[in-house]
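Input: a single structure, listed below in structure tokens.
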């Protein structure tokens, strides 16, 4: 309540979100285009391991999200993941800056993904009506305009709309692949779609890790949670938001991934999976319902980054909490720089799966696992002393081993995960399966 009182006289109030509005923001963050990479991941891993990993990653992310929530309740002064990074690692200002760089890069890469897919959609519906770079610029400009609202309360009103359209989009995709006689690219020589319960023979380490990273990327979004919690009227209700969203994620991701994979098979799989729909009109209809999310989710991450920068420039000034020319011009300029950088990323790495894998290995290693394993250990040390795992019996040991394991998973993401992601990029360039940087070539589905 103290934080709300501090901004009571401001024209722009930030702590305005109920748990329902926060849930809407989380739904829009997680129920997104990356769902359509699940069929491809299942085609690599096999249906059974794919579904098991889906539930496992969801459970881990829920557990770490609740760890973040408890940490933020202890430290209401925390505004974002950078503050947490500094606190966790020796109160080092150097760690704060390193975390800030990763935080901003992660968010800007996500903006880049949405510019890339926005250009893919425009190419798809227009049958490559103009140069892909033009479509990328159009997507970036529209996204910049939509990023201008300065509070999450405003964005939450759009979030439910965005998540609803995503649900319709993936539902239509499932229906369309189910009712079609054959998926896109079908030939008698390749035969009818074949799906497998286990990985097919010849599955490589690089492809398997990339598939795992794609699943993980879709679930791992803890980097934004401190920012969302900081804008809640009652942060103690956050557990309701994140639990509801996790249950919905497991159901939607598993059903969409399994159904589309079964009807598309290993031979005809594309990513995003809209490309597996054979009828051009049906493909365009299904893909088009994803447009609000293509714009909104990039906007959400741009807003998180812009607020991070803006708050530090204008802390303790009237420009932060009031409508001033300097404040609004600066806000717009910060967003413009972020979207220009995102456009460059989308143009330099013009492929969907590998871009997701690179982000997952470089950033989710810390923001999905390592940070929160360390946060748990720090909180338990504060509560029960250095030997807390010995003092609390079996419960202490289980908590200790689980969170050390989370740190280990994060290190796996960072090491072998990054290796697999980079190798996949190299192999795709060698095979000629992706376009060149800043290319006008058609990237439509």
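Any Cβ shown, glycine's included, is placed from N, Cα and C.
Taken from TrEMBL, the feature domain 'Amino acid transporter transmembrane' covers 16-382. According to TrEMBL, the transmembrane segment annotation covers 23-45, 51-73, 94-119, 125-146, 158-179, 199-220, 241-264, 284-304, 325-349, 355-377, 397-415.
The stretch with the most CB contacts under 8 Å to the transmembrane segment (325-349), chosen from 51-73, 158-179, 284-304, 355-377, 397-415, is 284-304.
Residues 30, 32, 34-35, 37-38, 40-42, 44-46, 49-50, 53-54, 57-58, 61, 249, 253, 266, 353-354, 356-357, 359-361, 364, 367-368, 413, 416-417, 420-421, 423-424, 427 of the same chain lie 6+ residues outside the transmembrane segment (199-220) yet bring a C-beta within less than 8 angstroms of a C-beta in it. With pairs at least 6 apart in sequence, the transmembrane segment (51-73) and the transmembrane segment (94-119) have fewer than 3 Cβ pairs within the 8 Å limit; the two do not touch. Between the transmembrane segment (51-73) and the stretches 23-45, 125-146, 158-179, 241-264, 355-377, it is 241-264 that has the most C-beta pairs under 8 angstroms.
Here the transmembrane segment (158-179) does not touch the transmembrane segment (355-377). Their Cβ atoms form fewer than 3 pairs under 8 Å, with each pair 6 or more residues apart.
Away from its own ends, the transmembrane segment (125-146) comes close to residues 111, 114-116, 118-119, 284, 287-288, 294-296, 298-299, 302, 332, 335-336, 339-340, 342-343, 346-347, 435, 438-444 of its chain (Cβ-Cβ under 8 Å, at least six residues beyond either end). If you look at the transmembrane segment (284-304), the same-chain residues 6 or more away from its ends with a CB under 8 A from one of its CBs are 25, 28-29, 31-33, 80, 107-108, 110-111, 113-115, 117-118, 121, 124-125, 139, 142-144, 146-147, 149-150, 152, 155, 158-159, 161-163, 165-166, 168-169, 172-173, 176, 224, 227, 272, 274, 277, 335, 338-339, 342, 445.
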